[in-house]
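The block underneath contains the structure these notes are about, expressed in structure tokens.
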2 protein chains.
Amino acid sequence: MSSSTSSLSLTNPHLTRLTSTTRLSSLPSTISLRSPTTPSTHLSLSHTHLRRTSVKSSAVVTQTSENSTADLSLVEKSVNTIRFLAIDSVEKANSGHPGLPMGCAPMGHVIYDEVLRYNPKNPKWFNRDRFVLSAGHGCMLQYALLHLAGYDSVKEEDLKAFRQWESKTPGHPENFETPGVEVTTGPLGQGIANAVGLALAEKHLAARFNKPDNEIIDHYTYCILGDGCQMEGIANEACSLAGHWGLGKLIAFYDDNHISIDGDTEIAFTESVEKRFEGLGWHVIWVKNGNTGYDEIRAAIREAKSVKDRPTLIKVTTTIGYGSPNKSNSYSVHGSALGAKEVDATRNNLGWSHEPFHVPADVKKHWSRHIPEGAALESEWNAKFAEYEKKYKEEAAVLKSIISGDLPSGWEKALPTYTPETPADATRILSQQNLNALAKVLPGLLGGSADLASSNMTLLKTFGDFQSDSPGERNVRFGVREHGMGAICNGIALHSPGLIPYCATFFVFTDYMRGAIRLSALSEAGVIYVMTHDSIGLGEDGPTHQPIEHLASFRAMPNILMLRPADGNETAGAYKVAVLNRKRPSILALSRQKLPNLAGTSIEGVEKGGYIVSDNSTGNKPDVILIGTGSELEIAYKAAEDLRKEGKAVRVVSFVSWELFDEQSEAYKESVLPAAVSARVSIEAGSTFGWHKIVGSKGKAIGIDRFGASAPAGRIYKEFGITKEAVIAAAKELI
Amino acid sequence: MSSSTSSLSLTNPHLTRLTSTTRLSSLPSTISLRSPTTPSTHLSLSHTHLRRTSVKSSAVVTQTSENSTADLSLVEKSVNTIRFLAIDSVEKANSGHPGLPMGCAPMGHVIYDEVLRYNPKNPKWFNRDRFVLSAGHGCMLQYALLHLAGYDSVKEEDLKAFRQWESKTPGHPENFETPGVEVTTGPLGQGIANAVGLALAEKHLAARFNKPDNEIIDHYTYCILGDGCQMEGIANEACSLAGHWGLGKLIAFYDDNHISIDGDTEIAFTESVEKRFEGLGWHVIWVKNGNTGYDEIRAAIREAKSVKDRPTLIKVTTTIGYGSPNKSNSYSVHGSALGAKEVDATRNNLGWSHEPFHVPADVKKHWSRHIPEGAALESEWNAKFAEYEKKYKEEAAVLKSIISGDLPSGWEKALPTYTPETPADATRILSQQNLNALAKVLPGLLGGSADLASSNMTLLKTFGDFQSDSPGERNVRFGVREHGMGAICNGIALHSPGLIPYCATFFVFTDYMRGAIRLSALSEAGVIYVMTHDSIGLGEDGPTHQPIEHLASFRAMPNILMLRPADGNETAGAYKVAVLNRKRPSILALSRQKLPNLAGTSIEGVEKGGYIVSDNSTGNKPDVILIGTGSELEIAYKAAEDLRKEGKAVRVVSFVSWELFDEQSEAYKESVLPAAVSARVSIEAGSTFGWHKIVGSKGKAIGIDRFGASAPAGRIYKEFGITKEAVIAAAKELI
């Protein structure tokens, strides 16, 4: 057993979720306050599930029978209510995952009824504890708990509409559909990484804003993850960071049920999760009886809270589909409705005689206290905040802006501007100028790189590193963990509207983090992705490092802004757009190589997505339109100069963001790309896929439809025909 | 210390890399044969790098001074040769990563000079040991070693052309450019996962083909990985499987140099790698002095070979940029040329007075033995194979086909065919019929799913599970580890031309494994990706599980076939194409829902990528062309029937693979999509991105440019307008 638990006492402020003034619980407080240091808590190592793992250094807490039968019976009734709400909803939808809710109902009950601090009538109350169901397929667990707790988002009719069109109870938890759900989960491993981001945000904000006499920010982040999440690499990445950062207020419950879709986890998952997490720097506790061991669960949470320098993993051994006589402990209960016959058998087995969707009166009464208690929690915190505001006016104002998401007025004036006389520079360097300028005016801007800070140019020069002993700083060091990085940033973004996380790697390695980027887009997390080395222009590192299809692949993704600025002003414009779009993530594709500042580029232009940067035509009738993005806008620019010398009327259009251009009025689009002009040439050092929509059937798209090569950048551009000469030749063919 | 090493003896066949008949080594064999069980090998726990980790259960082997100074001096000279070949090549290119080769030269020397079994003049010799440089940026280490070992691919002029256009020495190791390089690495974590695949392939083939009197398949897989690889989630996924599968012939060297690009790993990577790997079921050894501890390295390899039931991680503590007086042990030596001044300083420091690229005569002489020894190894093995063939004719024939990659003649006759009378079925079910039919005729077909076998329908019914105690079986259980799965399959595919790995998950989760899929495409690994639940058609699971942009994102990727079959014949056609394309991976997007077998679909049609499935026009002049893929071809089909009732001449085209259609003759393309017919409507339940190239400026693309929704599939199709009615309306607008 690692750190001693004997320091626990009845006066520990973390042991009770409510202050004495608001305690209305119908359960005696002794249940959740008993000391876990009695002799009965000592280790028992015999267990069929132990397999080849060792628990020598894990704490194992066994159940005691302190609580009275009457109380236990109400808890069991509540737990069965959760089980049957899940069973009935899945049955009605004839679709869904009953197994996890049935097995996790006990820990779910303890978390939402005894531990979690929230206000059901204001799911966005700032200082709430965060809960993440990383095993998102078990969402009926969370919907049942939100329902019992009194959230307006999940009423009985919502449970009955589980998985139906436009319901508040979709097939996996979605923060943008269901107030009370913090993040969007389902793709495995994402939730635990989001939880790391939420806990990071708490630790960061607490360090910046808490005062010795007023700890205005103080909440826990809880998470339930299953075997599937544990197998995913993203979970290991994020949990390694959580251990490194010492996120002591992160408590993760590992639903150890030994069943995944393909059957017993024995067929593919025999590692020692405990040992791995100890290696990752976590405190590990094993609750052997997650099915009925309520006191074990309670004691584990107490112990987890007592360990303040490390996150805690509570491995809770459960039976999937608990209560189903013929389907429990098998994959058949994982992802399908039980079927009428087995529902009946389960009702009999658990002694549940109620109609579907019924919540017994005593259970309802018991849970009803959460509405007044939640309101009290929030008003108490509001009073605390009023105190804080009186004493710390400046800090309170900043904190308010982080809570509200309101940007400080005039923030955009901090964006640097450039002229054609400004020396050429790589857009990754220009990006750093923007980040540093913005960090001064945006208190919620924080982020970093996946071990490429000096290449991605993401360091904020006036701040130090966010580390376990300096959590108030804003440079986050993610290590080489792209997928974890993206998901952690989603957690940060969804913690507070005013937090603006950015993260960085080489553009090609978006391939490693695409699962997280897609969830930024889906869950409306306004993460800023700073993606440098955005083409063959990176040169010698070769095809493994040269993005080709990546621009196209993100242009095809819904609700995301793919921005590829060409110079200083466009980089500033890209940042303006990225900061303003708080419910839509942005990807900035930035060059490794130097690019000149072009006449005609502008922040305003970027905001329109596509715009004219130079033109010698009249009457909206150029002979040819040359369209470029990023580093190739310069090529289009120079080709135009040459063509004009030959008397041609040439328009050059920067197409920095397809999505923003799409949103402009038809009149504006016609003013940039007149339908009558079919002579159009695009140039971009990437796949031509998709460009035919812009250049039309008669136009020509110059690009790269093969993998890159290892050589100095200039040579590759030439060999691949990404040249001024190619643009001129194509234009002449079309005019 | 885990399993005892006292069983090592001089007669252990794994201790020497060469048979006595071919031993020509200039180093006394006692060096590599000394017993590691002397008292001097015991643990020493004091080390500044130990930080908060414990090595209680890791074996730590300390150096002894058994070898004579003369021998040591030649080894050191060889090691410095490797260092300076790397330094000089990077310096000449003014680009590259000298730090790793300088630090890993000692282990590199021991591996390639003393341990690895290979034939430099036939890099593809089947029974060679495999070596993977997972830390691919350190490729100059491998190029220097290949050069010294006598590979034709890396001559002096190739070293001098490091990172230049069309050289054999690109910026990261590329198997398709440089014979002797097994897999393509650089994106971190991929290489160790490839190595797991290579070791899996060896274990699988050995189990199938070895006989008690003839172990015809018997090789090791070695890998060097760095801190970066260790941080990546994919590495944890693959290593968890390697531990689960008990891949005892996989030996990974972890270059523990404490430096990554952002500086000391202390800023982001403080976990205990040893403890994590023990949790993953590996044997772990720590070589404390990787800079000069040759005997430590040798002893560790011996110990690793003695542990046969588990893979071994040898943590080798090294100094990055060893020898550079001012840059070693810092990030500045990681990824840039040293610069002339520091090169001079390093030459002075290491007493290296030679010209750039010079290999001293005694070093050259020492390494020269690898050419005759390699030839002897291969011819000895050939003799062994001749014996094998005599006694086990049938097995030998099968093994030969796996070695050569020749498909058995007439294999394609095994593909099932369907008629419109065949009952409707999901293409994922039809896929399983194909997989099972092919498994009977293709001895190298093996694979599985990331814990979705019963949803992806990937189980081979006549085979059992590949497990540590049944490695000859062909159903691989990957667990929920998509990224590791893809990279492991790359390793399997690149082990032997006749191995055809397939792997499966939901199509949307290609997001988790895109890094591996891209490397399939780049490294010409013909993996078959079986991706089911390919659209909103999966229904209730909702937007987290519904692919939208995925078809477009892979159509934009070079050298990959994106196939979306519409019914039985097209599924068979997709498999035919996938099997035939051994140097190009295929992705099959397959439906969850049932689809009818349509008249006019065919295997031959699929091979052309796009083809006419029904038409009532004459003279290649239809009024309108309706184009569909996969589950939407049926919709186009039905819309055509209705339009024809109104007297229209309507052609229906199945566009199952854009890449294959692109490769057809202009005449063929014109015969399917005549330029004169601009009335074209496409329908696909995915992003319209890219479709304008097919439907043209005047055509209409029906698709989904938003995220999906949670509801029964039919409802979503209707709400999203993916309907026959929408096709008919669009067609009428255009006619």
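From the backbone N, Cα and C atoms, a Cβ is placed for every residue, glycine too.
As the structure is a computational prediction, the values presented were derived from the model and not from experiment.
Taken from TrEMBL, the feature active site, proton donor covers A:GLU482. In the three-state DSSP assignment, the secondary structure recorded for A:GLU482 (active site, proton donor) is helix.
According to TrEMBL, the compositional bias 'Low complexity' annotation covers A:27-47.
The feature domain 'Transketolase-like pyrimidine-binding' is assigned by TrEMBL to A:425-597. If you average pLDDT over the domain 'Transketolase-like pyrimidine-binding' (A:425-597) in this model, you get 98.
Annotated site 'Important for catalytic activity' per TrEMBL: A:HIS97 (among others), in sequence order. Around A:HIS97 (site 'Important for catalytic activity'), a 10 Å sphere centred on its CB holds 27 further CB atoms from the protein chains shown.
A coil conformation is recorded for A:HIS334 (site 'Important for catalytic activity') in the three-state DSSP classification, outside any helix or strand. Around A:HIS334 (site 'Important for catalytic activity'), taking its Cβ as the centre, 24 other Cβ atoms fall within 10 Å, counting all chains. Taken from TrEMBL, the feature site 'Important for catalytic activity' covers A:HIS334 (among others).
Across the fold, the C-alpha of A:HIS97 (site 'Important for catalytic activity') and the C-alpha of A:HIS334 (site 'Important for catalytic activity') stand 5 Å from each other.
Take the CB of A:GLU482 (active site, proton donor) and look out to 10 A: across all protein chains shown you find 34 other CB atoms. Here the Cα atom of A:HIS334 (site 'Important for catalytic activity') is found 30 Å from that of A:GLU482 (active site, proton donor).
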